[in-house]
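Below is one structure, written out as structure tokens; the observations come after it.
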Amino acid sequence: MGCVYSMPKDRTAAADRAPVIQESSFIEKMKKTDRNVVVFYGSQTGTAEEFSNRLAKDARRYGMKGMAADPEEYDMSDLSRLTEIDNSIAIFCMATYGEGDPTDNAQDFYDWLQEGNTGLEGINYTVFALGNKTYEHFNAMGIYVDKRLEELGAKRIFDLGIGDDDGNLEEDFVSWREQFWPAVCEHFGVEATGEESSIRQYELEVHTDINMNKVYTGEVGRLKSFEAQKPPFDTKNPFLAPVTVNRKLNKDGSRHLMHLELDITGSKIRYEAGDHVAVYPINDAAIVNQTGEVLGVDLDTVFSLNNLDKESNKKHPFPCPTTYRTALTHYLDITSPPRTNVLYELAQYASDPCEQENLRKMASSSAEGKSQYQTWVLESRRSILAILQDMPSLRPPIDHLCELMPRLQARYYSIASSSKVHPNSIHICAVVVEYQTNTNRINKGVATNWLKNQLVTDNGHKSMVPMYIRKSQFRLPFKSSNPVIMIGPGTGIAPFMGFIQEQAWLKEQGRDIGETVLYFGCRHRNEDFLYQEELEQFEKAGVLTQLNVAFSRDQEQKVYVQHLLKKNKEHLWKLIDGENAHIYVCGDARNMARDVQNVFCEIAEELGGMTHAQAVEYIKKLMTKGRYSQDVWS
């Protein structure tokens, strides 16, 4: 399925992770290095961390000195000691994750805020929140941190910033930041030094005589971790799983929908139906080679980027020493449209004054610049390679480009199998992303195109996928006799394949199974009715009590899952209100999940005799009780 962006989060996830070594104190570190600005980030995909680094770097322009900090690495109760540093401020870049939860690295900080009553009088702070408004709990974490710090006595010196990834997160951040720094100047009586923030954070070291055994070749954490695999496997130590099945699911049509099976035998990896598998993808070699050609560099040069700030916890932006080829293949996101700060820093390398001016304009906060960035970069989906191709005078040194590019992130997929039935394999159901941009380039989804090409054996070698498991709260009811209503169009069917397999297994164990109802949607019966044979088999065996399929384009009027829900409203209401049914929705957050929720509200209103407000409240209550779960992405 498309990558999952918002998922119920397992609150024990923090306990499952490897222990994080906490520094003695960020206050001592700030004193030692003469800093007065600390920027904490709660980040799941790296964006909040990136914004924090930019803010920490900005501080120099105002004669201040900043550091970005991971709250998981410090004792956050030291926040009350920030008053020991003159003219100090704590900035929080906080992303919201799943159902309004903190990100993994901010979980302990969140717990501390909830339980703590440490007085924070005299502490200056501000918060920038990152979220996506297609989700129910939009920016809940940032809003909570902002409110809670004030309750504990801290002083907000600038308004909460609201970033919306459904719109233009970069623009939201840039606009907020443009107003934030003048407010800091006014508050502390400082002024901009005129020093530009285009200062390198890392310095290049080229290794001409190095033992190649000491060079990273794509490992995420420990050197040679892919050669000597040791559990436990997690985000810093993924397991290389062999691909045992890779088949096309759809019979026809222009899209490629695929079913993959990864072998986890001997890995000690455990998963439950409803969990997510995280996959580390690899960039397309052709794009990597073209980038090297455009910049005229030898991609096999071995190098390190070393942090100029010797006190920083982050010695390198990605595992070093490595080669440019490895960095562009495994470590850097080279296909997403670059953010404005990247354009700003690269502008100095454009020898054509017109191109230089355009880059600076797109990185500015002027209305014209924002609009140009929106159309020329975002809507045209121009990657860094496309920008270099379309601006022939822009030829930055590759090491500076590597410093500026964000890290390539793992992609999450809902697991399409049950560990009760498949203890040693994990199934993935995904659609290959490929489309033409308005510049007539073909853009391909990094992970899905890479997975598509992971054939079971490639020239006699097994294809290996670096992966780990992320727990979720998307779970079958504790009582197997509770009815289950599953709604998942397209690749949203993934977790339900695991659920149905599990129901069949429970049934075989002689357990009492409640009604199991599936609402699935696709375009055409003869084209993309995914897992048709399996589903019909489950229906025949009485595991699926109802298989409702909406074929949206097999007739003149489009029919979607929500239309079928309305059609069966009496039966659904009986299950929900009378028999304690659990509802599960998986798929697109922007349209489908919202429409489905509205239908359930209408059913509650009509058949439950409620007002609209009561019906909305009724559905919200089901969510709080864990009887209405969503696994959605945008």
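We number each residue from 1, going along the chain as drawn.
Just so it is clear, glycine is given a Cβ too, placed from its N, Cα and C backbone atoms.
What TrEMBL says about this one:
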type    : residues                                                                                                       : note
BINDING : 43-48, 95-98, 130-139, ASP165                                                                                  : FMN binding site
BINDING : ARG255, THR491, SER552, ARG553, LYS558, VAL559, TYR560, VAL561, GLN562, ASP595                                 : NADP(+) binding site
BINDING : ARG381, ARG411, TYR412, TYR413, SER414, CYS429, ALA430, VAL431, TYR435, GLY445, VAL446, ALA447, THR448, TRP633 : FAD binding site
DOMAIN  : 37-181                                                                                                         : domain 'Flavodoxin-like'
DOMAIN  : 236-477                                                                                                        : domain 'FAD-binding FR-type'
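The record assigns ARG381, ARG411, TYR412, TYR413, SER414, CYS429, ALA430, VAL431, TYR435, GLY445, VAL446, ALA447, THR448, TRP633 to the FAD site; their largest pairwise CA distance measures 26 Å. VAL446 (FAD binding site) and ASN132 (FMN binding site) have their C-alpha atoms 22 Å apart, to the nearest angstrom. Between the CA atoms of SER43 (FMN binding site) and TYR560 (NADP(+) binding site) there is a gap of 35 Å, rounded to the nearest whole number.
Checking each of the binding-site residues GLY46, GLY98, TYR135, TYR435, THR448 against SER552 (NADP(+) binding site) by C-alpha distance, the shortest gap belongs to TYR435. Annotation for the binding-site residues SER43, SER414: lowest Cβ count within 10 Å of the residue's own Cβ, SER43. Counting every protein chain shown, the Cβ of TYR560 (NADP(+) binding site) has 17 other Cβ atoms within 10 Å. Here the CA atom of ARG255 (NADP(+) binding site) lies 33 Å from the CA atom of ALA95 (FMN binding site).
Taking DSSP states H, G and I as helix and E and B as strand, the domain 'Flavodoxin-like' (37-181) has 65 helix, 35 strand, 45 coil.
Within its own chain, TYR435 (FAD binding site) has ILE442, ASN443 as residues 6 or more apart in sequence whose C-beta sits under 8 angstroms from its own.
Counting other Cβ atoms within 10 Å of each Cβ, the binding-site residues GLY46, GLY98 show the lowest value at GLY46. Within its own chain, LYS558 (NADP(+) binding site) has SER552 as residues 6 or more apart in sequence whose C-beta sits under 8 angstroms from its own. Of all the binding-site residues in the record (ASN132, TYR135, ARG255, GLN562), the one with the smallest CA separation from ALA430 (FAD binding site) is ARG255. Note on proximity: among ARG255, ARG381, TYR412, SER414, the binding-site residues of the record, the Cα nearest ASN132 (FMN binding site) is that of TYR412. Put simply, THR448 is the one of the binding-site residues GLY46, TYR135, ARG381, SER414, THR448 whose Cα lies nearest to the Cα of ARG255 (NADP(+) binding site). By neighbour count, meaning other C-beta atoms within 10 Å, the densest spot among the binding-site residues THR448, SER552 is THR448.
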